[in-house]
């Protein structure tokens, strides 16, 4: 019972931060490890449990989910396709490979937030953006925590997008992408369903709160939060 309450509380914190920025599901990942789950089981349980945060955050924002899905449909489809590949590889490859590569992926994504945002357009910019979205989708399926950071870092490079829109689009892409990879995880036989329920409960409320707060965040706070969460999570992965 104590473990269930701990995971619910963790889910609330994760949901709140993910609703505003992203990357916070690395907070719940070590909690699941500490409660006895192996890395792959913790990953799939974590993914299934916190997906609700992004979806509830979209509902709490001022943006229309249907409009965002239509406008960014290619981003979503590309991310979901690559996530399917990542999820299959996660379950098929040795765990050691998975553990060794993740810190570098997340750190690289976090550091890109430091690059200056510029108003960009044209085919070259779009190709670069789609490549980054594809990479984030693969990462989502292979590990998960931090995809939000990657997407924000990618979309925020175009200064014509305001922070509120970037955050809402991030929540839509991560939410739908996670659903696709979760369908693969469900049949893996490695899901701890009690903890999934606990994370879902906490992150649903947290995501709603985070989605509301995100609408009021200034750009500097928004980027600082993303960077801080990403760096802390990366350091933890390198030293654990």
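Keep in mind that glycine also has a Cβ here, set from the backbone N, Cα and C atoms.
The transmembrane segment annotation in TrEMBL covers 72-94, 100-118, 130-156, 168-187, 194-214, 220-239.
Sequence-distant neighbours of the transmembrane segment (220-239) (same chain, 6+ residues past either end, Cβ-Cβ under 8 Å): 17, 20-24, 26-27, 30, 102-103, 106-107, 109-110, 113-114, 145-146, 149, 152-153, 156, 163, 167, 214. By the Cβ criterion (under 8 Å, sequence separation of 6 or more), the transmembrane segment (130-156) is not in contact with the transmembrane segment (194-214), since fewer than 3 such pairs are found.
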